[in-house]
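Read the structure below first, then the notes.
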């Protein structure tokens, strides 16, 4: 029995990146042998074992054979006759098909180290085309390593296009598509993920809304907010926002807010042809189709619904601001204020760029400080005054409105906080 370190740990070592997890492959063993050594078996499709002390994953060397459709239509042979090279051959990319033995020697039958040095994402074998999920994985890896200068090999991109042409992507579950997309959103350059999918024609299958935007070869002008949109600008914006925030819900909210607005602009008049309620209804359906988690959906819908209000919030009445806090349940979900502030400030700053004005004309911290002022109002004095029932709520609202009014009238403090 021999044990080898494989996969991402070796790849990241060559790239001088942090090693998150270490995966091991065991050659010449059986499940019974590992169980006798106190390993714990997990996994459904094929046996994976957790080390009794380190809890790192150990997998038996295996080969797979295509017997169905999608990324789950495989049978596995993990007998003790399977060799290390056979196991490495089934992996997606050459940079992930490198092993290291106990003496520190590298086993690299598919020239993965060379591809790491040359910054190339290359498939290991023609079997790459058997798993449609790998199309999304390669796009994600391209986004993950974009800052290092990685590119997809021409022959690999051709295979990805063939997989798409054969409608293999239709066999992927919505949940699995979202998991890969979520990981892509978590990279430093999530926009690259969508660009790769566009290049191999997968975007029209996975994200038809985004692909439709690509098909619009013109600038869209949103008269309501005086924004200029095109596909390049949207993804340039996503790239810039990703430098500001790593929150997936913030990144997702921005991307799909821009895209949805583009889809509902009349090209002849450049006017939004859908009202806010219809836009939110459409957005909810889109989130359901993509299996978007609730925490992302809530932020996205809230921003889409209240963007017009937020973009000029410093002109809104104190009463309307307090009512807005109640509508979004900010008292119990104060994190919404932070996320909406990031989104709103970013969009306003981009509007300022297109209108050639300075961002100093907009109170970037207004939303955050207004909420802090209102949130400091305590309910205890209200109770001591003998209020009960709905009277408590109404008095609390009144005091919060007055607090914001007094804060706004103090010009010195107001300007110091907001600008």
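Each Cβ is built from the backbone N, Cα and C atoms, and glycine gets one as well.
Counting only residues at least six positions away in the same chain, the Cβ atoms of 180, 183, 184, 187, 193 sit under 8 Å from the Cβ of residue 140 (ATP binding site). If you look up Swiss-Prot, you'll see 8, 11, 91, 137, 140 marked as ATP binding site.
What Swiss-Prot records for 8, 11, 91, 137, 140 is CTP binding site. Residue 8 (ATP binding site) falls within a helix when secondary structure is assigned with DSSP. The number of other Cβ atoms within 10 Å of the Cβ belonging to residue 8 (ATP binding site), over all protein chains shown, comes to 17.
The Mg(2+) binding site feature in Swiss-Prot is assigned to 21, 23; the stated evidence is sequence analysis. The Cβ of residue 23 (Mg(2+) binding site) has 17 other Cβ atoms within 10 Å, all protein chains considered.
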Structural state of residue 137 (ATP binding site), classified by DSSP into three states: helix
Output field, CTP shell: CB within 8 Å of site CB centroid, site 8, 11, 91, 137, 140 dropped: 7, 92, 93, 95, 96, 141
CB contacts for residue 11 (ATP binding site) [other CB atoms within 10 A, all chains]: 23
For residue 21 (Mg(2+) binding site): DSSP state (helix, strand, coil): coil
Pairwise Cα distance for residue 8 (ATP binding site)/residue 21 (Mg(2+) binding site) [Å, integer]: 8
Nonlocal neighbours by CB distance (under 8 Å) for residue 91 (ATP binding site), same chain, sequence gap 6 or more: 7, 97, 124
